[in-house]
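Engineer: In case it helps, TrEMBL gives these features for our protein:
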TRANSMEM  41-58  transmembrane segment
DOMAIN    131-323  domain 'Protein export membrane protein SecD/SecF C-terminal'
TRANSMEM  161-179  transmembrane segment
TRANSMEM  186-206  transmembrane segment
TRANSMEM  212-233  transmembrane segment
TRANSMEM  269-287  transmembrane segment
TRANSMEM  299-319  transmembrane segment
COMPBIAS  325-338  compositional bias 'Basic and acidic residues'
REGION    325-476  region 'Disordered'
COMPBIAS  371-382  compositional bias 'Basic and acidic residues'
COMPBIAS  466-476  compositional bias 'Basic residues'
Amino acid sequence: MPTTTKPSSARTGTAPKKQGLAHRLYTGEIAYDFVGRRKRWYVISGIIVAIALLSLLLRGLNLGIEFSGGADFQAPTQVTSQTVDRVRGAVQATGLAELDDVTVTTLGENTVRVQTRTLDAEDEVPKVREAIAKELGINPDQVAYSLIGASWGKQITQQGLIALGVFLALVMLLIWIYFRDLKMSIAAIVALLHDLILTVGIYALVGFTFTPATLIGILTILGYSLYDTVVVFDKVRENVKDLRKSRRTYAVAANDAVNQVLVRSLNTTIIGVLPVAALLIAGWFFLGTGPLKDLGLALFVGMVAGAYSSIFIATPLLVDMKEREPGMKEHQARLERRAGRRRGRGSEPGNSELAAAEAEVNAMPDPDTPADLRDRDGRDRDADDEWDSYEPADRDEPLAGPLSRTRITTVRAGERRGGEQGRGGEPGRSGEPGRSGEPGRSGEQGRGGEQRRIGDGSGSGERTQPRHTSRSQRKK
């Protein structure tokens with residue numbers, strides 16, 4: 001089936017098609033030096049983490065009653081836009097202390113929920129139930145309540161911290177097994193801790209209630225952050241394979257990996273953040289306080305922080321640790337010495353040609369591996385077998401074409417042409433002795449019995465039928 005060739009832009013006169021940003025980043029046409037500017041990212045990340053830690057120390061987390069303990073009331077009613085404000089005002093009007101920060105939310109369209117500090121079951125709980133029932137126009141017995149002790153909240157907090165520690169340990173072990181590199185595990189854990197501190201610090205800064213939904217969101221974003229880091233590290237591992245045989249440093253190979261997966265990481269993060277942002281906006285502006293807002297904020301901050309840390313923290317930190325290895329130091333020093341010699345030779349007068357030659361040698365591909373040499377030997381053996389099985393044509397058969405009038409003769413070793421005697425019994429050139437065992441030019445006997453084209457002095461050429469020998473026969 002015939003194939004068609006697309007006309008080039010030079011023939012058609014059209015401008016070449018410009019490749020997209022993702023393609024140019026992947027092929028290295030454009031690149032940003034993320035790894036080379038890693039000190040800048042360390043400073044920026046340090047400032048962000050410091051702000052988050054100060055928020056935790058100065059403001060603290062606004063823990064929900066599930067962690068700090070308190071009273072929970074639920075009453076049936078037809079929810080309207082004024083229900084939350086009416087119920088909150090009724091509870092605060094009871095005159096009980098420390099009820100200014102009461103939390104009122106709605107559960108669906110038929111239930112209102114009130115959360116307060118820990119109340120006395122004999123005195124304070126009945127007052128709150130009566131205030132809620134009176135505002136909603138229902139019987140106080142219809143207002144259900146439950147008391148959560150502070151000890152139970154501390155137990156939940158402790159179990160949550162244990163679960164987080166187990167998660168980080170398993171992540172470190174998993175990455176170590178997958179990449180077979182402890183330094184990659186350490187860099188990934190540092191990136192996860194950065195995301196964790198940043199997310200919790202944002203919660204403390206904005207004053208959102210830290211609820212079980214928040215804890216679920218934090219564990220979820222740690223998974224997103226780990227995914228981004230593994231994608232980058234997998235490309236780094238691919239780029240640094242056989243690094244010591246190449247002319248690239250670990251930092252250059254890792255930076256190429258970041259640029260190659262940059263667009264993919266950004267696209268994944270944007271696609272994931274869009275629905276989370278919608279969830280956060282709906283929970284914050286339309287539903288007020290509640291699990292949707294708590295979960296949405298944790299997911300939004302954590303996913304953005306995860307994409308940031310995988311590019312600006314995990315990979316640069318990995319490069320810093322790998323470049324301290326003795327093997328990488330030796331490789332770096334060897335490349336620096338080679339670059340120094342190249343610069344020195346190029347700067348000396350008269351050495352421009354030498355520098356150009358060395359640059360050409362450096363641009364040559366890497367030497368063949370043992371597997372390549374074995375393949376080449378196999379091809380040579382096959383060629384020898386084909387050569388040995390070759391049957392020459394009849395010596396007296398005339399040649400076709402321009403040489404059809406040429407007389408074919410055979411000249412044996414030791415014979416002479418036109419009275420010319422070579423040294424050592426071999427024919428040489430006209431008027432001068434031939435060197436022993438070396439092929440002569442016109443009128444000269446070839447090495448090992450091979451014949452060359454000769455002339456008869458009359459203008460018409462004579463040609464011998466070549467004798468085909470294999471490599472093994474030539475060696476003999």
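Every residue number used here counts from 1 along the chain in the order it is shown.
Backbone N, Cα and C define each Cβ position, glycine as well.
Help me picture where these features are in the structure shown.
Structural biologist: Only residues 6 or more beyond the boundaries of the transmembrane segment (186-206), in the same chain, are considered here, and those with a CB under 8 A from a CB of the stretch are 45, 48-49, 51-53, 55-56, 59-62, 164, 168, 171-172, 175, 214, 218, 221-222, 225-226, 229-230, 233, 297-298, 301-302, 305-306, 309-310, 313-315, 317-318, 321.
Same-chain residues lying 6 or more positions outside the transmembrane segment (269-287) and placing a CB less than 8 Å from one of its CB atoms are 105-106, 224, 228, 293-297, 299-300, 303-304, 306-307.
Within its own chain, the compositional bias 'Basic and acidic residues' (325-338) has Cβ neighbours under 8 Å at 243-244, 247, 249-250, 362, counting only residues six or more beyond its boundaries.
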